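Student: One structure, as structure tokens, below. Some questions next.
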């Protein structure tokens, strides 16, 4: 493994790890606040138990997200100093605002976690909401910084110099809105379905029915609504990418040849040598329609992109297919849940349905990871689209593979411990309150 | 606006040193305590810093963001040449933060607690140690940008007696701060006396290790003292830090709680000022040159927007943070409720 590959792998691993904790740390507070709201309104103990249980999850995920985020703020420089030297002053605005949001989140979390019976109930509840809102703001700001790498703005690039820097224009680059919207919805979908999945699994075990049912309702309803909205945001993103980064869209779709009325390629195995896709389903004209809103529109293929500026096709294409497939499954499941809730259907209490929800636990996060692979690998070979290549940004220090190994060990052990803690917390929830077997399953 | 950003940078570093440092120190005290005091320190630490410890470490993030947005040359220079100690610092930060939370959120009491505790205390030592090493290396002029081989480019600069002595000094200062802080937090008179004793010992160690920094510096040709003589502000700060020592002792003897804290905060501020001023206008000194804050500053528009973001941010952060600290000073977290 050469240094560039090691650096890219380490970055991918770090981001891939952080995003899970960032999503949960950003969305769980909302679930917690909803449950807390219901407790304050109804005074039912089950909501209090649930709120406290979820807040422990928030504490564990927040700290892991915070330290992995701290690591990332260093890793940007440790791995990509040449990029940061030029990019820092331009795309620093969202990071400096994010610093504030993150700080507020940490303060609010201090109030919330340790504030039971100390503050007036609604003030205490409000600090929980602040945790969620500032977490969401952090997420939007960081994604805006990433969007700038896809859609550089706020400076003039003249003879290798970065001139006339405008940090505000850089922050509000063309991609910030579509990317941030897509990410926030994805975080709701992934966290909603993951939390719902765990509680559905607990429901099939038959313990603490009331608590798990309330939990399922809150998490899955939010996740389902987001899952139904997500394709709309995906469409905005696709049209945006078609406009700004035709190479990325071409790689996502394994669209080798520029053509009018381009087909949508579903599945299949790209053959990079012969520039075709085998075993794929092709829907005529659909790609043209999705990218440009017109079945006859011309879609730029990889043949119009210089060979040394083409992203890896197979990885990007597969990741895109996985993301869309997971998203579709979750959307359909979400529809069944909302319909069942609305019409008070009994199938949503059926053990098989609960098992299905439990089975879908990781799907949202698989989609999130795949989506980040699409956007990051699809941007290659650029670190800053059209301006700086990744290979020119990497640190001059040799032996990055050792760093990659070290970081991998850290992330693997952290993932292990967090899983263990979560498992113990969930088991503990059942030990503390053993309610009689509910009969509605 | 440039000076606003510089002020925020130094204030963030100072606050990280004060608040984050006291956090690290609590772990260091736990590391060097025996028997039941170890356990009591552990509970006390949680009681004293539980609600605010996350916020204490945010200052590091603010400092890093200021560096990479406002002074990209400094950020990238250190990232390249101090890659290894920075990575080790990160290992310390991640291990410590997670172990602190995990040991309190693991509902099962088994041998995992021992692992969390071990990770917590050793990383509490390691993190400020590497922070000190980084600071020591940055001002030592040991970084060689023309080095040809791996060892002299990426290891030798920080693996030397001077950086190590600064690292030890930082560790001792953290322990000193924590001991003084915990006096006021302790629940019994006996514990107060124990922490007071520890504060005295840590203070002695701080004087010795501080003198060691100067001594090693002189031996290695890093003339801190000579530099100080030509920077009056730094010199005055050093004198002030030294004069504060006997006052701290008297206040400790008189069993005051808040005065020693204020004196320690003052001393740390003066030590940072001494260090900063003695290098002025440079921020990082390497073998064949130096980088100053002025020289490394980003363009005007960036500095302006960064300053605005920091000013607006502090309007939100400072009152909230103050209220958080105030609330939990008034009504500390009860340890019983945790179990």
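Even glycines carry a Cβ here, placed using N, Cα and C.
Heads up, TrEMBL stuff is auto-annotated, nobody curated it.
TrEMBL feature annotations, pasted as is:
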type	residues	note
TRANSMEM	B:6-32	transmembrane segment
TRANSMEM	B:53-75	transmembrane segment
TRANSMEM	B:81-103	transmembrane segment
TRANSMEM	B:115-139	transmembrane segment
TRANSMEM	B:159-183	transmembrane segment
TRANSMEM	B:204-226	transmembrane segment
TRANSMEM	B:232-252	transmembrane segment
TRANSMEM	B:259-278	transmembrane segment
TRANSMEM	B:303-326	transmembrane segment
Student: The transmembrane segment (B:81-103): which same-chain residues, six or more beyond its ends, come within Cβ distance under 8 Å?
Tutor: 24, 27, 53, 57, 60, 113, 116-117, 119-120, 123-124, 126-127, 129-131, 133-134, 137-138, 143, 145, 153-155, 157-158, 286
Student: Where, among B:6-32, B:53-75, B:303-326, do we find the most CB pairs under 8 A to the transmembrane segment (B:259-278)?
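Tutor: Looking only at B:6-32, B:53-75, B:303-326, the most contacts with the transmembrane segment (B:259-278) come from B:6-32.
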Student: Could you name the stretch, out of B:53-75, B:115-139, B:159-183, B:204-226, B:303-326, with the greatest number of CB pairs under 8 A to the transmembrane segment (B:6-32)?
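Tutor: Most Cβ pairs under 8 Å with the transmembrane segment (B:6-32) come from B:159-183.
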Student: Grab the same-chain neighbours of the transmembrane segment (B:53-75) for me: Cβ-Cβ under 8 Å, and only residues 6 or more beyond its ends, written as numbers and ranges.
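Tutor: Those are 5, 8-9, 12-13, 15-16, 19-20, 22-23, 93, 97, 100, 283-284, 291, 293, 295-298, 302-303, 306, 310, 321, 324, in sequence order.
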Student: Hey, would you say the transmembrane segment (B:204-226) packs against the transmembrane segment (B:159-183), going by three or more CB pairs under 8 A that are 6+ residues apart?
Tutor: yes
Student: Report, as numbers and ranges, every residue of the chain located at least six residues beyond the transmembrane segment (B:159-183) whose Cβ falls under 8 Å of a Cβ in that stretch; write 'none' if there are none.
Tutor: 17-18, 21-26, 28-29, 32, 41, 44-45, 48, 125, 128-137, 140, 142, 192, 195-196, 198-199, 202-203, 205-206, 209-210, 212-213, 216-217, 219-220, 222, 252, 257, 260-261, 264, 268, 271
